[in-house]
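If you check TrEMBL, you get these features:
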- 49-70: transmembrane segment (TRANSMEM)
- 82-105: transmembrane segment (TRANSMEM)
- 117-140: transmembrane segment (TRANSMEM)
- 160-180: transmembrane segment (TRANSMEM)
């Protein structure tokens, strides 16, 4: 910068002071609006979350059933009992349908959808109960399924641990599914709908 050049002054323009009137607010209430949902907000959120969990359990059961398809290898002469019963496949249909009905019910509640959701959750509870019994029977029946046909102990332990882990996961999914579906099939107060023509 050249020292001989003149500096132009800079003027800052500030806005005038803002004054607040001394008026005291009399009422600080906010307007209330009616919810468009037929269910209370907390129940609608629970229905969406638990419906998504039911769908997830159905997909996981189906995935474990697909894994059991690949267990028919030499020297194993048959499929595991839980696969023969078909539980991973028919339970996944029940769980996914009951979860889908809960999510649909949360979005658009109608009297027919409430009845269908109750029926599907009741069938899902029956399926989960049957699954718990079948898995317990399968654990007893197939406890030596892999180790009875393999001579190498190290290979036997790894495969048996994986097999029992899958059965335990199926048992856990069935127990949780039983509690979720029972809560929406037996308790009528969950389905007290404000706008739809429920029974």
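Glycine residues also receive a Cβ, built from the backbone N, Cα and C atoms like all the rest.
Beyond the transmembrane segment (117-140), the same-chain residues lying 6 or more positions past its ends with a Cβ under 8 Å from any Cβ of the stretch are 54, 80-82, 85, 87, 90-91, 94-95, 97-98, 101-102, 104-105, 164, 167, 170-171, 174-175, 177-178, 180-182, 184-186, 191. Among residues of the same chain six or more beyond the transmembrane segment (49-70), those with a C-beta under 8 A of the stretch's C-beta atoms are 79-80, 82-83, 87-89, 91-96, 98-103, 106, 124, 166, 169-170, 173, 176-177, 180-181, 183-184.
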